[in-house]
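Features as listed in TrEMBL:
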- 298-471: domain '3-hydroxyacyl-CoA dehydrogenase NAD binding' (DOMAIN)
- 474-575: domain '3-hydroxyacyl-CoA dehydrogenase C-terminal' (DOMAIN)
- 612-707: domain '3-hydroxyacyl-CoA dehydrogenase C-terminal' (DOMAIN)
Amino acid sequence: MARYSRLPGSVALITLHNPPVNALSAAVRQGIVDAVQRALKDPKVTSVVICGQNGKFCGGADIREFAGPMSGPPLVPMIHAIEAVDKPVAAAIEGVALGGGLELALGCHYRIAHSKAVLGLPEVTLGLLPGAGGSQRLPRLIGLTAALDLITTGRHVSAAEALKLGILDQVTDNNAVDLAVEFVRSVAGQPLDSRRLSTLPCPCPPDVDSLLDKVMSKVRQRSRGALAPVACVQALRAAASLPYAQGMEKERELMATLFNSGQARALQYAFFSQRVVGKWSLPSGASWDNSTARTISKAAVIGLGTMGRGIVVALALTGISVVAVETQEKQLAEASRVVPAMLQREAGRRRLATPPGVISFSSNLQDVSEVELVIEAVFEDMSLKLQVFKHLASVCRPGTLLCSNTSGLDIDQLAAVTQSPGLVVGMHFFAPAHVMKLLEVVYGPRSSPEAVATAMQLGKRMGKVGVAVGNCPGFVGNRMLKPYLEQANFLLEEGATPQQVDEALEEFGFPMGVFRMSDLSGLDVGWRIRKEAGLTGPGVESTRTRQGRRYSPLPDQMCEAGRLGQKTGKGWYQYDGPGGRVARSDPWVDIFLETYRAEHGLVARSITPEEILERCLYALINEGFNILQDAVAAGPEDIDAIYVFGYGWPRHRGGPMFHAGQVGLGRILERLNHHHSHPDVPHLKPSTLLRRLVAAGSPPVQKWREFINKERVHSQL
Ligand SMILES: CC/C=C/CC(=O)SCCNC(=O)CCNC(=O)[C@H](O)C(C)(C)COP(=O)(O)OP(=O)(O)OC[C@H]1O[C@@H](n2cnc3c(N)ncnc32)[C@H](O)[C@@H]1OP(=O)(O)O
């Protein structure tokens, strides 16, 4: 709703009231329409201020309403009516003015904000465009170039930047509503024509077409296959070239297409998933709202390889003091040189002041004795990690939280060598750890709710999307990756090339296909894990079946040939030299694959992009269902957030589990059965949960949690 009040001195105050962010629900829109009418009709009112309850102007349209039929007054005519009012109307912006919230403010004649306010048109991140006139008014206010930046990225800007851009008229460190009231009183009676943005021309640079073409190709490249950024550029082209009314017509047409698209549904699902995972719960019943997190002010990181360095930077950026420990002198010297520069760069990128002197470097594990939390980030080797954990248990004071950055080893085994297994959790970061948003917080059977809550809260402080997951080999992300990689390798055996597989996956929307990604992260990472698992190495017979399952030795043979990826200048592709970044196809790989097939009596067949997607993605999705069935992830949103924030799953496809729902669970089951029945394509046996969901009529993804819980109660899973 919206509250109407008359302030002394002829000012009407309209206060949006819809906690927590005063979203423009049907009731709020109706309230605004009624209040504006009242202000118009009251002859004693000479000016109007619109503000939001509880220090938040408005978080935009109510996204929850998008799923159902729209009711209440529509936004576009409501904002037009405000702009047309013949008494000055000011938006008093505190907290946030986002999406429809900023569009509402753009319909006002003046905008006055608190210095801590944040503004933006983030619709593109929800698969939409600013469809309440924002795509036509903002460029008229701040010019086409700046509007293109804001609208196609959806980025939030500070009040200071908004003032500089010309979005705001005034910024205050004091009460923005008081200032707005004072301001509208002072301008009452003055002409308003120049304040109505819809009547202004759109300031454009001389080479407007080339600017629009450049931005269009940039957005197509940045978010391959995404509709909304393209539509945003089209709407802005209309703003630059058409009169306002025709521009609005174009905005309406584009919005109608986007609004009903699967991509908008996927992106809105991703918005809510990100919030759902913050409300974590464990099978024990412990959860975010019944567990207490400790506030950490002093932490340590053990091991200063690539991951350790990134974790040190991520911690230091929050202002936490970090003891960074590395026992190898050479590595320590390098880290002491590199980490402060990384910290400075990242602080600059985030527009933060570099936290002074919060990192101390040491080669002595003894120096962590006073910290409250340790993150171990040594080499991925269980015996080494066990050694470190035993040492930490003896060095750290009682009550210290001990975390491991392992990417898939058993957390419980690490906990078992400490005196307080309840204080051990996994904190699985993704490279580069100071940049990537995902953090898997891994709880073992003995991890305490306090340890999980602390790791989750620490993740939040570092700006991560923390997802609490159970302990199993590979946890969620890497466990699902295994069947995906496996199918990609099988496809090479059967006739595909690395380029074909990568192209199909990149066309789907991944920033990098599986082989390009392996080259980037290094083929030796998986090789070492397979050697430890006894799947390859001296004495292991070179067959295509290992440990009773189909196995492709192709990646092992690449490593044996010294082709470790970008670091050696050769992998599935060739590069200009060691450390080269530009992948080119390599005839050596074609010959290698032909020879391999001939040796194993395999006849290459033609493989379609559809089969590549089905084999790779459905294998990954199927493992997702197994993970839900095993209660390693609490719900499909957890898996989807992990894949979107950590594995490059295209956000406009929601995540693997959401995608399964979009494709149709029946279809996924049918294709898995089809491939599984093929004599040489094992490992695709459909999960029981998938079968049960299909049998139950394929409920929407939002209902799966409830379904799984019921099935569990009735012991069907
Ligand atoms: C014609 C149609 C035109 C549409 C144009 C639009 O306006 S589309 C919407 C554009 N607005 C946005 O994209 C803003 C989305 N919200 C945010 O970015 C953030 O929530 C925030 C406003 C910056 C606040 O962040 P904070 O971290 O403080 O809180 P949460 O993100 O946890 O949010 C609190 C709860 O509020 C819910 N919520 C937030 N925004 C909306 C919204 N626009 N509609 C509905 N609900 C919203 C959010 O889901 C949280 O709910 P919980 O139930 O507590 O999880």
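Using N, Cα and C of the backbone, Cβ positions are placed for all residues, glycine too.
Note that TrEMBL annotation is computational and uncurated.
Each residue in the domain '3-hydroxyacyl-CoA dehydrogenase C-terminal' (612-707) gets a DSSP state, and the totals come to 68 helix, 0 strand, 28 coil. DSSP labels the residues of the domain '3-hydroxyacyl-CoA dehydrogenase C-terminal' (474-575) in these numbers: 57 helix, 7 strand, 38 coil. Over the domain '3-hydroxyacyl-CoA dehydrogenase C-terminal' (612-707) the predicted model carries a mean pLDDT of 94.
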